[in-house]
Amino acid sequence: MKTYTLGMIGLGTMGRNLLLNMADHGYQVTGYDKDPKMLKTLEEVGKAHDLKGFASLEDFVQSLELPRRIVLLVPAGPIVDSVIQELEPLLSKGDLIIDSGNSHFTDTSRRAAELAEKGFHFFGMGISGGEEGARFGPSMMPGGDKAAYSAMKEILEAISAKVNGEPCVTYIGPGASGHFVKMVHNGIEYAMMQLLAETYDILKNGLGYTNEQIHRVFDQWNKGRLQSFLMEVTAEVFAFTDEKTGKLLVDMIKDEAKSKGTGKWTSQVSMDLQLPIPTINEAVSSRDLSKFKSLRVELSEAFPHATKIAENQQKVEAELEQALYAAMIVSYAQGLHLLWQASITYEYKLNLHEIAKIWRGGCIIRAELLEDIYQAYSKNPELEHLFSDSAIQDKLKATVPDLRKIVGLSIENGIPVSAYASALTYFDSLRTKRLPSNLTQAQRDFFGAHTFERTDEEGIFHALWNQPTL
Ligand SMILES: NC(=O)C1=CN([C@@H]2O[C@H](COP(=O)(O)OP(=O)(O)OC[C@H]3O[C@@H](n4cnc5c(N)ncnc54)[C@H](OP(=O)(O)O)[C@@H]3O)[C@@H](O)[C@H]2O)C=CC1
Ligand SMILES: O=C(CO)[C@H](O)[C@H](O)COP(=O)(O)O
């Protein structure tokens with residue numbers, strides 16, 4: 001019987017395409033999916049490589065070289081546990097399982113500990129790039145069992161995206177760091193997508209642009225410093241016609257955004273770590289808010305408003321480009337700051353320079369701007385916050401004034417721009433020497449004797465606020 005170097009469980013969008021990618025690079029690989037339709041699809045798309053899958057998990061496992069290498073690309077959550085449970089009795093000690101789905105990092109920690117106790121290798125690996133990335137070169141974020149990663153390094157480097165000949169995959173760090181970094185990647189993805197959605201709103205409802213004009217703007221920006229995968233995708237959306245109606249498809253899509261959880265987890269963890277990422281939070285909330293359609297319709301009738309910006313269109317368009325650039329910097333800065341904190345709290349020993357490097361290609365948040373971010377962390381791998389880098393400071397100085405204009409104009413005209421506004425206030429808060437938090441501390445001490453620290457003396461203090469002073 002033919003033996004295979006690696007087996008994939010889950011032959012959907014990601015698994016099937018990653019397997020094809022491996023086959024393109026000359027690896028003898030196979031797959032298993034509980035859905036027979038997926039096996040058929042794999043055979044059809046993998047004809048050139050004689051790619052075949054198994055309908056029986058037992059036969060699939062038996063076909064793999066020892067020690068076995070099995071990648072899971074099944075839906076995150078309990079399905080991952082049930083697949084592992086089914087696999088366990090069929091495996092030999094020393095076999096390796098890689099969970100490459102969007103698993104929650106705490107699940108990954110638990111699974112790694114449970115499997116290590118049973119003598120199996122396991123590591124979690126975030127993957128980004130969607131269908132096309134999986135097929136032709138994704139960015140991958142493996143973390144955990146380093147020896148096990150070494151056994152996969154060659155394959156992963158071969159199939160990954162390349163930037164200047166360098167693979168967009170690197171060992172991220174111990175524990176569940178790979179899945180943690182992928183989660184934060186998705187948080188940044190949410191922020192970027194929300195900023196692009198708000199930009200669309202300003203262009204459409206503020207400036208009254210047609211879809212053709214909106215396409216032209218995004219397409220043009222994608223040729224400059226705002227070049228990114230998400231910008232490219234957005235430009236293409238505004239040129240895609242619905243076969244059914246002949247209109248642009250985007251106009252036929254319900255304005256209620258869905259999500260699978262990684263953005264929400266990023267916000268939840270940021271709260272736990274007390275490390276603010278308000279633009280990512282706003283992006284999560286905006287998707288949730290969009291679901292209240294009937295309430296929005298009711299309130300749009302109760303509070304009707306015009307959104308037209310009465311200013312020169314070209315001037316506002318140019319300011320918007322600047323504003324978006326500033327807000328994109330802020331989005332990456334928040335995500336990377338969260339990684340900086342997580343590295344300390346969870347002892348992940350994250351190398352932000354390497355992370356920025358592997359995000360430059362293959363992944364959903366790849367962008368021209370990541371090259372500058374990579375340079376910032378190359379200059380100073382210990383950089384706590386992106387805003388401390390002098391080149392990034394120059395970019396912010398040049399673009400934040402227009403971010404302020406765009407936020408002001410949008411708010412004045414009733415256009416909801418929570419991501420833009422939060423990016424600006426995050427910037428303003430961080431560059432404020434003395435925030436009004438002294439008042440918060442005074443209030444806490446007043447009503448709850450929670451104490452405060454003084455500016456002129458070390459120690460913890462409490463005032464008798466209710467006793468009148470002379
Ligand atoms: N799509 C994307 O762009 C990205 C997805 N991811 C993550 O990758 C993972 C896979 O995503 P994706 O490929 O999109 O998902 P799909 O739903 O397209 O594919 C998952 C496949 O796994 C199969 N499956 C489910 N349960 C089992 C089981 N017990 N045994 C074997 N096969 C099973 C499914 O079959 P059935 O449909 O019959 O249930 C399906 O064919 C997820 O964690 C996702 O979050 C990560 C990055 C990008
Ligand atoms: O991981 C991904 C991209 O990086 C997936 O596409 C993910 O599903 C996106 O998240 P959501 O479905 O919540 O928008």
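Placed from the backbone N, Cα and C atoms, the Cβ positions cover glycine too.
Quick look at what TrEMBL lists:
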- Asn102, Ser128, Gly129, Gly130, His185, Asn186, Tyr190, Lys260, Arg287, Arg444, His450: substrate binding site (BINDING)
- 178-466: domain '6-phosphogluconate dehydrogenase C-terminal' (DOMAIN)
- Lys182: active site, proton acceptor (ACT_SITE)
- Glu189: active site, proton donor (ACT_SITE)
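Structure with TrEMBL features highlighted.
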| residue | record | DSSP class |
| --- | --- | --- |
| Asn102 | substrate binding site | coil |
| Gly129 | substrate binding site | coil |
| Lys182 | active site, proton acceptor | helix |
| Glu189 | active site, proton donor | helix |
| Arg287 | substrate binding site | helix |
| His450 | substrate binding site | coil |
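Annotation for the recorded positions Lys182, His185, Arg287, His450: lowest Cβ count within 10 Å of the residue's own Cβ, His450. In this record, substrate is bound by Asn102, Ser128, Gly129, Gly130, His185, Asn186, Tyr190, Lys260, Arg287, Arg444, His450; the longest C-alpha to C-alpha distance in that set is 49 Å. With a cut-off of 6 Å between Cβ and the nearest atom of ligand 2, the recorded positions Asn102, Lys182, Tyr190, His450 reduce to Asn102. Shown in sequence order, Leu230, Gly263, Ile364, Ile365 are the residues of the chain, 6+ apart in sequence, with a C-beta less than 8 angstroms from the C-beta of the residue listed as 'active site, proton donor'. Neighbour counts were taken as the number of other C-beta atoms within 10 angstroms of each residue's C-beta; across the binding-site residues Asn102, Gly129, Tyr190, the minimum falls on Asn102.
For ligand 1, the recorded positions lying close by, meaning a CB under 6 A from one of its atoms, are Asn102; the full candidate list was Asn102, Lys182, Glu189, Tyr190, Arg287, His450.
Cα of Tyr190 (substrate binding site) to Cα of Lys182 (active site, proton acceptor): a distance of 12 Å.
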